[in-house]
Amino acid sequence: MAVIQKYGKKYSPDLGCHTESHPADKVGAPGGQKKWPERNNYWSRPVARVWTVVLLLGTCLLYCARVAMPICAVSMAEQFNWTKRESGMVLGSFFWGYCFTQVFGGYVSDRVGGEKVLLLSAAAWGSMTAFTPILAHFCSQPIISMTLARFLMGLLQGVHYPSLASLCSQKVVESERGFLMSTVGSGSYLGTLVIGGAGSLMLDLYGWQSVFYASGLLSVLWAYCMWKHLLRGEGPIITLESLGSGGSQSTMSKRHWLRLLKQPAVCAVIVTHLCAASTFFTLLSWLPTFFKDTFPDAKGWVFNVIPWLVAIPSSLFSGCLSDHLISQGYDTASVRKLMQFFSMGVSSVFTLLLCGNTTFPWAVAFVSATMGFTTFSHSGVSLNVQDLAPSCAGSLFGVMNTCGAFSGVLLVYFSGYLIETTGSWTSVFALITAVNLLGLCTFLVFADARRVDIDPSKVHHHDIHL
């Protein structure tokens, strides 16, 4: 809600709720990418609340399935005799697939409906998760089957967030989008928390296979319930005609994108998000292994749960703090930079503290502080993209996520190489700190909050895509 209120105060002429009968809204302005939904296409508030809960649960299960492999990586490596480099290849292959379907997911969702893409993808990645143990045991080369399975998981899960953004823009009135997206977004931390706690217990009691079976089957069940009760059994059919109905971007739109990507502030947002995403993915992938290697007798549920218990309220606090500072009259760009300083600067201090000889409680405390401060990025670079280009924030965020996922592949794999060659985690934490500082310096120098997407000749068209 903080973002919506901010735009309402500063950009109300351009960002008003598009429910009036504007001809440009119904037929699409030249160079526009989508048609605005009419008023009767929006969900009522009770329906929107039901969808909010369902999508929150879906995002939670998305991360349960995604983090199942990092949780089980140590046990699988022991069973299949994987080296650290091979484990890094399996973990990193997810991001190779993830980076390829960000823009595609938004494109298809805009034309056929985000709910259909969410349903089909959830059924697919849920089934893939449930079949992962079978693929591992019945393939003569488990390293190949697991790498391929994680790559396909990345492909299938890459459409989730673009589909959420598309569904929100099509079905939710603008004044309520902030609540829905912030609530659904918290499902990522909740899912990591659930799989970290319940998954660790299942891993100790029933073996690593049970983690994949449980998260996969629950995801398929969620997709079925969504299809049966919310879509009323409507078949999620996607045809070539529906994919082509939106048309292609015009030459004017391409020139607009080229002009946008030449802006220093836009480049700074992309570079900063690339650095932040890659370091977060690396920590997410390797922290369970770090604790297993450094503290082999420690209980898995402790280090897989406590950091995420800290991350959830920290994320909410950063949003409240950012909104409060802006409402008090502080410069928006300065607030975004302050939030990113906490996210990448302060968190790096606690990451470096992991390089020394620490006890298990202190290591958990340092990791919890690192993950807690990292969430401040949601009120920094993640919101700055909406400051700069509210008319195409979703597409631009897809570009940012693609770059972040691609860099995540490289950093996760390279981290495994460093661990194996140096035999020390210090090099990995030092690398994460260096990447964070690179992104932070870029953001502090070049970031801005003034809109750069406005074409004065087309301001009256109101082509806003949140």
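Positions of Cβ are set from backbone N, Cα and C atoms, glycine also.
Over in TrEMBL, the protein carries these features:
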| type | residues | note |
| --- | --- | --- |
| DOMAIN | 51-451 | domain 'Major facilitator superfamily (MFS) profile' |
| TRANSMEM | 48-69 | transmembrane segment |
| TRANSMEM | 89-108 | transmembrane segment |
| TRANSMEM | 117-136 | transmembrane segment |
| TRANSMEM | 148-167 | transmembrane segment |
| TRANSMEM | 179-199 | transmembrane segment |
| TRANSMEM | 205-225 | transmembrane segment |
| TRANSMEM | 265-286 | transmembrane segment |
| TRANSMEM | 306-326 | transmembrane segment |
| TRANSMEM | 338-354 | transmembrane segment |
| TRANSMEM | 393-419 | transmembrane segment |
| TRANSMEM | 425-447 | transmembrane segment |
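Remark: the transmembrane segment (48-69) makes no contact with the transmembrane segment (338-354), by the rule of 3 or more CB pairs under 8 A. Sequence-distant contacts of the transmembrane segment (205-225) (same chain, six or more residues past either end, CB-CB distance under 8 Å): 54, 57-58, 61-62, 64-65, 68, 71-72, 75-76, 79, 119, 122-123, 125-133, 195, 198-199. Model confidence over the domain 'Major facilitator superfamily (MFS) profile' (51-451) is summarised by a mean pLDDT of 84. When Cβ-Cβ distances below 8 Å are used as the criterion, the transmembrane segment (393-419) is approached by residues 33, 84-85, 87-89, 91-93, 95-96, 98-100, 102-103, 105-106, 154, 158, 161-162, 165-166, 169, 260, 266, 269-270, 273-279, 281-282, 285-286, 382, 385-386, 425, 427-428, 431-432, 435, 465-466 of the same chain, each at least six residues removed from its ends. Only residues 6 or more beyond the boundaries of the transmembrane segment (306-326), in the same chain, are considered here, and those with a CB under 8 A from a CB of the stretch are 2, 5-6, 182, 186, 189-190, 192-193, 196, 287, 332, 335-336, 338-339, 342, 364, 367-376, 378-379, 383.
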